[in-house]
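Here the structure is laid out as structure tokens; the discussion comes afterwards.
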Amino acid sequence: MHEYHELNLEAYILTLFSTVASIYRHQSLRASINVVVVKIIILKHENAGPHVTSNAQDTLQQFCRWQQLYNDGDDESPNHHDVAILLTRGDICRAPGKCDTLGLAELGTMCDAGKSCAIIEDNGLSAAFTIAHELGHMYRCSINLWKP
């Protein structure tokens, strides 16, 4: 991410999350969900963060453990987050050769500090929709197919 976006990375991430916040503010949801960026950690070196591989499940588990080191358990703390999201430019694969996955999060983990995390493959601004989708999984939202 850092090498690809360079000096524009923070602005890019904030743009993604502004889009996610707009999606969750849509009146059709009939819910009050505020998406707020609390902290951005930019990893400039591969070994500075969690071990990221193309294996989606392994990377999610590694990231979920790693993010706990940066989360204050006190809800009132400015260093507390409800959700952690890892953005990567690398392929996310659910199985060898099956690298069409754009994101991964566990279902219904929004209130679990150790599992309220997601990994997202950065593929441009459409990654905002993947982030919103994975947040929906953490909220335990089902995927309803609209039929006219």
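Placed from the backbone N, Cα and C atoms, the Cβ positions cover glycine too.
Per TrEMBL, active site is recorded for Glu134. Residues or ranges marked as domain 'Peptidase M12B' in TrEMBL: 1-137.
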Nonlocal residues around Glu134 (active site), in sequence order (Cβ under 8 Å, 6 or more apart): Ile85, Gly103, Leu104, Ala105, Ala118, Ile120
Number of helical, extended and coil residues in the domain 'Peptidase M12B' (1-137), per DSSP: 56 helix, 19 strand, 62 coil
